[in-house]
């Protein structure tokens, strides 16, 4: 393929990528402020600087667009690699809740969609089931690593503990975005990580067993 043709193809692919990103960004911001039910494909196209036809071209339906928004809004910067499973878990907790401090559209859109998914008849349920499974497995992986490297107590069940931690993170985030907006999110993140560390640290096994002696 001639170099000019390759350059034109790269430019075309870049335009498609840029258009898709702008549409998802616009949809994320609209969902964060209005919820998904009052957002149309035409609204998203206008906010992104395109027509509804462009949105349809890239996603085909509102459900597929919301799936892209959900995936986009759940992504967050991976915390720095820690030397232990427990360290990676607590770093993830502080990073996850630290995002709330910036009050950006991504976490707010995610929480809006999460609350809508609990309504009867919502089409978002299956989307969240898939993303929840991914998130809990991410947490469970760190817990399994921690048990293997000795940083997490061996009696901790990875799946159950991951479910509890995920619930703590989601519930805390929801409160910080709703009725507890005046609370300092950064300190909450640090306290949540410290609480999990105290409970899961390998030394906690001996402390729990002490009263039974």
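Using N, Cα and C of the backbone, Cβ positions are placed for all residues, glycine too.
Marked as DNA-binding region by TrEMBL: 40-59. Per TrEMBL, compositional bias 'Basic and acidic residues' is recorded for 10-21. Here TrEMBL flags 17-77 as domain 'HTH tetR-type'. Per TrEMBL, region 'Disordered' is recorded for 1-21.
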Checklist entry - Of the residues in the DNA-binding region (40-59), how many are helix, strand and coil by DSSP? => result 16 helix, 0 strand, 4 coil
Item to check | Long-range neighbours of the DNA-binding region (40-59), counting only residues six or more past its ends (CB under 8 A) | outcome: 16, 19-20, 22-23, 25-27, 29-30, 65, 68
Item to check | Intrachain residues whose Cβ lies under 8 Å of the compositional bias 'Basic and acidic residues' (10-21), provided they are six or more past its termini | outcome: 48, 50, 54, 58, 68
Checklist outcome for this item: Reduced to three DSSP states, the compositional bias 'Basic and acidic residues' (10-21) has 12 helix, 0 strand, 0 coil
